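Okay, so here's the structure we're looking at.
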Amino acid sequence: MNRTLTEYNQRQRKFNKEVALEYIDTIVNFLKEKVKESNSKGLIVGISGGIDSALVYALAKKAFPKDALGVIMPIDKMEHDLAHINELEKSMNTKFITINLKETFDAILDTLKVEDKMSISNIKPRLRMTTLYAIAQSKKHLVCGTDNKDEYFIGYFTKYGDGGVDLLPIVHLTKSEVKYLSKLLNVPESIINKKPSAGLWEGQSDEDELGFSYDDLDFYLDHINNNVIINKYLDKNVIEKIERMHKNSEHKRQSAYKPLDINKK
């Protein structure tokens with residue numbers, strides 16, 4: 001019998017704890033193997049105060065108790081996030097480092113004079129990516145990304161920003177599975193129950209911006225090979241939007257497109 005982490009009874013889901021614990025070990029072993037293969041020493045994670053980065057850090061610390069580095073990189077006001085980050089530090093018995101990027105971000109804006117809201121917002125994760133890689137290279141660490149299965153499928157990440165990483169430990173976990181594994185790894189409840197936000201601008205909410213819930217997207221992904229079930233339980237407009245976002249973001253999941261090699265025609 002094929003065991004899965006998430007099982008459904010119509011729209012109700014339940015999780016298999018045994019499978020979840022086994023998968024935690026799988027991810028931890030994956031992290032150890034990749035660090036060893038690259039002749040690196042440890043892992044670095046950008047800490048946002050959200051659940052994805054919290055889970056990735058918990059996994060990184062489980063793999064490398066003394067060589068898992070969390071980095072906070074504030075650009076906007078993030079008092080609410082900082083409170084959650086402090087809770088995470090206590091629960092993980094660790095101390096993150098802080099690199100304030102506010103002045104650097106403002107200097108870039110002043111130089112570029114860009115006015116488009118999304119272009120400005122995407123500078124933030126790209127600046128954080130540059131920061132993480134500078135620190136990672138100096139310490140011989142690999143950069144862990146925090147994109148989950150939902151975000152990766154619909155391209156809800158910034159190309160060469162939070163998508164610019166060495167490893168994607170939770171890319172096969174839906175948002176609900178991220179929450180479940182977070183509970184198993186002692187992530188604070190305040191972070192687990194927090195409203196998801198990419199932090200692109202003040203008051204930004206993932207689900208408001210997407211136009212559908214993570215619960216719907218989780219259900220779609222868990223039944224991606226069963227159109228009958230998807231069409232029965234999900235609104236047609238939600239299905240179309242999910243599939244459109246997946247198609248339009250394909251370039252984000254690929255390396256740079258290249259023309260045919262003249263020598264291989």
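Using the three backbone atoms N, Cα and C, a Cβ is placed for every residue, glycine included.
Marked as ATP binding site by TrEMBL: Gly46, Ile47, Ser48, Gly49, Gly50, Ile51, Asp52, Ser53, Thr146, Lys175, Ser197. The Mg(2+) binding site feature in TrEMBL is assigned to Asp52, Glu151. The deamido-NAD(+) binding site annotation in TrEMBL covers Arg126, Lys159, Asp166, His251, Lys252. Feature annotation from TrEMBL assigns domain 'NAD/GMP synthase' to 24-255.
Sequence features annotated in TrEMBL and their locations in the structure.
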| residue | record | Cβ contacts under 8 Å, 6 or more apart |
| --- | --- | --- |
| Gly46 | ATP binding site | Ser53, Gly70, Val71, Met73, Arg128, Leu132, Thr146, Asp162 |
| Asp52 | ATP binding site | Thr146, Asp147, Asn148, Glu151, Ile170, Val178 |
| Arg126 | deamido-NAD(+) binding site | Thr158, Tyr160, Gly161, Gly164 |
| Lys159 | deamido-NAD(+) binding site | His251, Lys252 |
| Asp166 | deamido-NAD(+) binding site | Lys34, Ser38, Ala136, Leu142, Val143, Cys144, Gly145 |
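Predicted-model confidence for the domain 'NAD/GMP synthase' (24-255) is 95, expressed as mean pLDDT. Cβ contacts within 10 Å of Gly50 (ATP binding site), excluding its own Cβ and spanning all protein chains shown: 21. All protein chains shown were included, and the count of other CB atoms within 10 Å of the CB of His251 (deamido-NAD(+) binding site) stands at 11. In this view, Ser48 (ATP binding site) is surrounded by 24 other Cβ atoms within 10 Å of its Cβ, with every protein chain counted. In the three-state DSSP classification, Gly46 (ATP binding site) falls within a strand.
Take Arg126, Lys159, Asp166, His251, Lys252, the residues named in the record as contacts for deamido-NAD(+): the widest Cα to Cα gap among them comes to 18 Å. Glu151 (Mg(2+) binding site) falls within a helix when secondary structure is assigned with DSSP.
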